[in-house]
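Working notes for the structure below.
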Amino acid sequence: MDSLQDYDYQQLSALVAELGVPKFRADQLYSLAMRHKSYDEGSNLPVALREQLKGVVRDRAVEIVERLEGKDGVKKYLYLLADGNIIEGVYMPHRYGDTLCVSTQVGCRMGCAFCASGIGGLVRNLTAGEILGQVLAANRDNGGTPEKRKVTNVVLMGSGEPLDNYDNVIRFLKLVGDPRGIGISPRNISLSTSGLADRMIELADSGIPVVLTVSLHAATDRKRSALMPVNRKYPIARVIEAARYYVRKTGRRVIFEYALVRGENSDRKSAEELAALLKGLNCHVNLINLNPVKEKGLSGVSPEAIKSFISVLESKGISATLRRSMGGDVEGACGQLRRKYLRQKEEGGQSDAG
Ligand code: SAH
Ligand code: SF4
């Protein structure tokens, strides 16, 4: 059963017509959905209508089941889906507005060597309403409404590969951008991809100008394939060509994510290879020190190594900054909290995450 949050305003109007109730109920339901309220909180809805609706469509797509507060105002959420699956997200306060990191799939099938999300493979795609539901739930949880938003920016960097769930993600972008609802525009949304080149081109052509972030992590096919199996299907040359196309088509620079992994991609030569690869491309490099994942056995690098990596890039005219790894104290890295939760469930213990 879908939730109200999967419906756009037109579809909701059609549903209301089908149920044979007056048109203005569509506005009430839409407002309820955008506030992440339950039917039973909709005091303006007749009880009989609430009961009728419960048999047709769920009121909310996700439910917050755990909230972990870390340093610097960061919150980590675990959300429960209607089928019992768990996904996670991170809320990050910033000076210019608060950012929510959302998941797009339960698990992921890309199998990157350093990532916790891919460990159990892909379980399933999220619906557009389940992606939107994370935004609406976190907005409410932090005291926001659609009119007075707390969540002003969204990054598609939680678990899952957004471009592997392309249609639902595009639909989500339309739903979340609707000014009648929470109205977050594509300019305030970053989509991070492991480099599905064909879909990157499709996205450029979609006319939805999100900020595109590409997880590169290495500048030669040998090194990248070792970290990211997807590189065998979409090697670096194709990823860069698609990124160039995105810049041409949208007029916006592309961000490259590069996680520094000890012994894999973090020496001087790797920095020089990266600089050569990105020369002349309108882009920025976000470096991040690898967040070690228990199951993976890879580690990050020293602060000195980060500094010298950045200085090589800068000396070659590539702009680069170190991304603060927010929420490290609350298993902030992609997929880690869910893994911990599942591990504890498997071991039969109670989650100590809360
Ligand atoms: N699937 C998409 C988006 C989700 S992952 C993608 O891969 O881009 C979001 C970002 O977190 C990616 O850049 C990913 O490479 C990075 N990431 C995953 N695990 C990490 C870890 N253990 N340490 C640092 N970055 C990690
Ligand atoms: Fe999937 Fe992204 Fe994790 Fe790779 S880094 S396994 S693409 S979520």
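Every residue gets a Cβ built from N, Cα and C, even glycine.
Database features (TrEMBL):
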ACT_SITE  Glu88  active site, proton acceptor
DOMAIN    94-329  domain 'Radical SAM core'
BINDING   Cys108, Cys112, Cys115  [4Fe-4S] cluster binding site
BINDING   Gly160, Glu161, Ser192, Ser215, Leu216, His217, Asn291  S-adenosyl-L-methionine binding site
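Features recorded in TrEMBL, as mapped to the structure shown.
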{"residue": "Cys112", "record": "[4Fe-4S] cluster binding site", "Cβ contacts under 8 Å, 6 or more apart": "Gly118, Ser194, Ser215, His217, Leu227, Met228, Pro229, Val230"}
{"residue": "Gly160", "record": "S-adenosyl-L-methionine binding site", "Cβ contacts under 8 Å, 6 or more apart": "Ser103, Thr104, Gln105, Val106, Gly107, Cys108, Ser117, Leu122, Asn125, Leu126"}
{"residue": "Glu161", "record": "S-adenosyl-L-methionine binding site", "Cβ contacts under 8 Å, 6 or more apart": "Thr104, Gln105, Cys108, Arg109, Met110, Thr193, Ser194, Leu196"}
{"residue": "Leu216", "record": "S-adenosyl-L-methionine binding site", "Cβ contacts under 8 Å, 6 or more apart": "Gly195, Arg224, Ile236, Val239, Phe256, Glu257, Tyr258, Leu274"}
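For ligand 2, the neighbouring binding-site residues among Glu161, Ser192, His217, Asn291 are Glu161, by Cβ distance under 6 Å.
Of all the recorded positions given, namely Glu88, Cys115, Ser215, His217, Asn291, the one with the smallest number of surrounding CB atoms inside 10 A is Asn291.
The Cβ neighbour count for Cys108 ([4Fe-4S] cluster binding site), using a 10 Å radius over every protein chain in view, is 27. Note on Ser192 (S-adenosyl-L-methionine binding site): other Cβ atoms within 10 Å of its Cβ, all shown chains, come to 22.
Cys115, Ser192, Asn291 are the binding-site residues among Cys115, Ser192, Leu216, Asn291 whose C-beta comes within less than 6 Å of an atom of ligand 1, given in sequence order. Per Cα geometry, Asn291 is the residue among the recorded positions Glu88, Ser192, Asn291 nearest to Cys115 ([4Fe-4S] cluster binding site). Separating the Cα atoms of Ser192 (S-adenosyl-L-methionine binding site) and the residue listed as 'active site, proton acceptor' is a whole-number distance of 16 Å. In the three-state DSSP classification, the residue listed as 'active site, proton acceptor' falls within a strand. For the domain 'Radical SAM core' (94-329), the predicted model reports an average pLDDT of 95. Rounded to a whole number, the C-alpha distance linking Asn291 (S-adenosyl-L-methionine binding site) with Glu88 (active site, proton acceptor) is 17 angstrom.
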